[in-house]
Amino acid sequence: MMMDQTLEAPPLLPEVGFPHMLSSDCMQQMILVQVNPGDAFTVPTEGGHIQYIPGPAPVPMLSHNGSVGPLYLPPGYLSPVIEENGMRKMMLLPHTLEFHPSLPPPPPHLPHYPPPHPAMLPHPHLFTHEMPAHYIHHMHAALPVYPEQELMCPSMAVPSLKAQEQLHRRLKEQRSTPVANGNHNPNPNTNGVHHSTPPPLPKGAPLLALHNGHSKPPTPSPRPPRHNKLSGRTRATPPSDSESTDVEAGKHKVKDMLSSVSKPTVSGLTCHSAVLTWCPPIPSAPRNASGTDKHARTHTPPLLCYELALSQSGTDGDYKPVYQGKDTTFTLGDLKPATFYYVRVCVACHSIKGSPSEAVMFTTLCAPPDTPPPPRVLVCTKSSVGLQWKAPHDNGARVTAYLLECCEGRQSSFREVYCGPAKQHKVMRLSPATRYGFRVAARNSVGTSAFSEVLSCCTVGCAPPAPCPPTLSAAGVSWISMHWGAPCGLAGRDAPTYTLEMEETEGFRTKYSGEETCYTVKNLERSMSYRFRVSLTNAEGSSQPSAVVEYSTTADPPGRPATPRLHTPPLPHRIHTIWDAPEDDGGSPIIHYVLELSHTDDDWEVVYTGAQQEHACEDLEPGTWYKLRVYCQSQGGQSQVSQCLSVQTAPVHPGPCRALCVFGEATPSEITLSWDAPECHRESDVCVYAVELADLAEATHTQVYEGSERRCVVGSLLPATRYCFWARAANQAGWGPWSDMFEASTAPGPPEACGPPVLTVRGPTCVAVSWEWPQCNRSKACEFRLEWGPQPGSPQVVYHGPSTFWEITELTPATEYCCRVQAISEAGAGPFGDITKVTTPPSAPAVVECVEEIPAEAVSDVETGATPSPSRLALRWKEPCCHGAEITGYNIDLGEQLPLSVGRTNQHVLESLQPNTTYRVRVRALNSIGAGPYSCPLRLRTLPLPPDPPTLECTVCSPHTLKLRWGEGPTRIPTPRGTQYCLHMQTGGNRLVCVYSGSSHSFKLQRLSEATEYHFSIQAMSSAGKGPLSPLYTFATTRSPPPQLKAPKIEPIQWNMYSVTWETLQPMKGDPVLYTLQLMRGKEVERLYRGAATSYTWQVVPGGTDWRVRVCAGRRRPEGAELWGPYSPGTALPPLPVDASRDTKAACSAVSPSSSSGGKCHTRWQLSDEHFALLVLVVFGVVAILFAVLIQYLFLSKD
């Protein structure tokens, strides 16, 4: 653990022993802090934020008055003082400037802008116009501001190296070159390095302060520092090309590791979802030549982000991302049933993204069909309805039947009327003029879909009766609204169409036609009579018109009257107004006018109703705003209100203020007064108030307040003194009279400050505090308030009471505290006394926290890359507070054994433990004072032993494939969940090659050679590691039969002799090939030949045209067994020549001498396979056409 140290700024130049460097204008100090790689500083900016500065980076700070506050830096820093161009510079440099090519950004658990500590902020200011330019551009390069929004994976930041090179060279010059007359080269150029001058800082640069005691520095890079081996090269020299190549090579290795992610595994497959899991790529730790870990410190595992992409075609351009996050399990939803999907995963870390994994293909399960669309009506009669519907999506399983249900009306339930594969049906035996509802559902081998929406239709009925005449709903100036009802006997039918007609000069004309039972006829003339009638039409026909009715429109309301105006000026209690008549009276004379008055926006009051066009409003409030408006009434209705007239009555002087009194309690120097508004008028009339003060009633009055509030605070008064007060009010008319005199007194004063308290240390966590009584200023002190805190700026009240002694416990050892006391009396609280400080003595360490298990490879003492061991556990904990005494070691308690003592470290590996055993681990810290308490017990369990290999057996054997199975069945040894298997096959040179790796219990090997022995070995793997290889198992493939031959060729030689030939096969694996020739006469089969020849001459008299010849090949194994292949297609006997036909007829005559008189040799004609298939197809087509005509005639043509 690295602890901070406080570095005080050096004194002025004469005090440090450089009198030759002092000048009249050299009163400035510059502190240039070089941040070491792996450390960090926080710098407050102008806006109150904090910038995070990771090393390596230079931070300049300038002060005008020569005083610099304390700087909290990590240990190991130097502070040499140099002078250049009349300016002193104190450079805080580390002992060793080791450079790391790349440093990580701030840890993700630290805030981007950590809050500064009040006691750790120095006060020097930075002035850019007095600073050399080569320091300014380094300051800009070293102050990265991290954005508020982070990327999916944080990127690496590589700061510039020019600052370290410049500072190191200047320090080397000051140590090797003597200083004379205070002259220095302002622009040194060491080793021929040229520094370009960047643009100056803008005005109003933020104040910079060094602070490194509040937040923890970022975790250093796991890459060790590289030391330069070339002589003459400083450690701050920029990185060479080989180092840049190492960085690029490291990025390529990371990308290759991310690209090695395995393909996802599919589980939990349903018709609409699937669960995908994958394993993160396992990075390999780098090693040096000796095989040990090159990293000196443990780093946090990289933060991986996964992207899951889905496709239905499997092409690269068709993948779409469906998930991005840190989990390794994701559930895909909203998938289509019986659909092929391809999925792959991609891993990203920081700004590096690997290649996608191998795609895995899966198919969702089948599901019931989708909901079919509602059926549609083909034919509708009085007693039947013909329906048709479309087939829905079958979701992977063919639709086998459709269910059609019917209901009558809205209250009855559905009943099944059809179930079959057809997509149309005619429902018979229905009632005329009745409404029915129909719905359909589809069914497949998986299940039945939901029913479609209900189709409502009505059978054909009789023509409707005449409806009732329309009834008047309302009438206006240019419109008439009417409604009507449906005639009796139409309930349950389709909605009829109503036609509304109005009589005009040419006769009745249609004004409305639709299903609504109400309509408003517009664009009519006012005060006119109109005649109307209505009729209806439905599927059965049109009815007779209803009876004729007559209705009239109304008259227009009059127009808006003119705006009221004043007839005479307003008085305090009276307003006289007049107005003009409207321009349009609406066709009827004005009956009366209505005048309304309001002193608010919402509350209107009628003050006049009559035929006159003027009125005087009496009994009004003085100085009040009123609004007036007017409207008129005629036979046509009421007009709109006129525009408002706003007028204010004349105000009057206010009366004297009332109830002048003290508000609240008086203080020793202030009195708060309050009063009520005058009685005569409203409170809103008063615009301003005034208050006067005097020591005596006859003394000169002094005005102490003037404003609109009815409350004031009179300050700067003497304690325990009596005063006289008067108040008055004013409005637009002027000031009113003074109120009656009011007398009030101030309160006595609080006590004086208490003296410094006396502190007595009674232990590491206990301090006794006592104090004395202060002067009370004519008021008795009744209690005291004791404040206690670790710093002067943030004390808290720990005691409140009348005692002058208090004991404080539960303090932190080796901590500086401060306290102060305040006296409180009846007059108030006095000021706080002087602050007293005390430091508690040290004690034993605190409780160890954050005890956790880590991989054994992460501990520096264990060889990196070692596999997890069942007898090893690695622990890590957070170093507790030392309580003033440095921690010397730790004790680790395992429960049954004696505590194990380790040195000052925060991690340790426990060796020689029992496999698969649970241990109860506790840790405590030790220092020179004693041992601290044990931490909370942590239960850890060692890994089990690796699994044994399962038994391997061959279940299926063929000439070119072998199917192997292991680890299944009741007689086999059970294996734990998560066990993986690796199947090896022996190749040339007795080398084992892995042919399968996974969790399956069987594997099929293909493309093998026939009659060949293969050797296999299997190995089991689990979380405990890899198990041993099993002994070799030997399995052999079988021999394959010969292939099927082509149809043999037959050539007639004579009338009773044929020559049969067939193709020749080569010997198979040294086995000779045999042939078998057969003759097929209908269902009878006769073997003609068996041997190794490929031709055969056959002498026979053919007895019919259905004779066929076929051949098959077989191989003879060395042990004598024979393996025969399939027979070739048959070949029919060819027709005989003419001469041969004559000889055949003669032979027939010789065979049948009884038929010599006109007899013939008859042969039977038979169909070939092709002719028979064509005949079956023709017969099936004819039967299908006949059935279609019959269904059309029986079911669809009858109405």
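Including glycine, each Cβ sits where the backbone N, Cα and C put it.
What TrEMBL lists as region 'Disordered' is 163-251, 545-570. Summarising the annotation, TrEMBL assigns compositional bias 'Low complexity' to 178-195. Marked as domain 'Fibronectin type-III' by TrEMBL: 260-370, 371-465, 466-557, 560-652, 656-749, 753-843, 858-945, 946-1041. Here TrEMBL flags 545-555 as compositional bias 'Polar residues'. According to TrEMBL, the feature transmembrane segment maps to 1172-1196.
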Quiz item: Do you know the mean pLDDT across the domain 'Fibronectin type-III' (753-843)?
Solution: 86
Quiz prompt | Within the domain 'Fibronectin type-III' (466-557), residues counted as helix, strand or coil by DSSP | solution = 0 helix, 45 strand, 47 coil
Self-check item: Helix, strand and coil counts within the domain 'Fibronectin type-III' (656-749) (DSSP)
Solution: 3 helix, 44 strand, 47 coil
Exercise. Could you name the stretch, out of 260-370, 466-557, 560-652, 858-945, with the greatest number of CB pairs under 8 A to the domain 'Fibronectin type-III' (753-843)?
Key: 858-945
Quiz item: In the same chain, which residue numbers or ranges, 6 or more beyond the ends of the transmembrane segment (1172-1196), come under 8 angstroms Cβ to Cβ?
Solution: 379, 386, 426
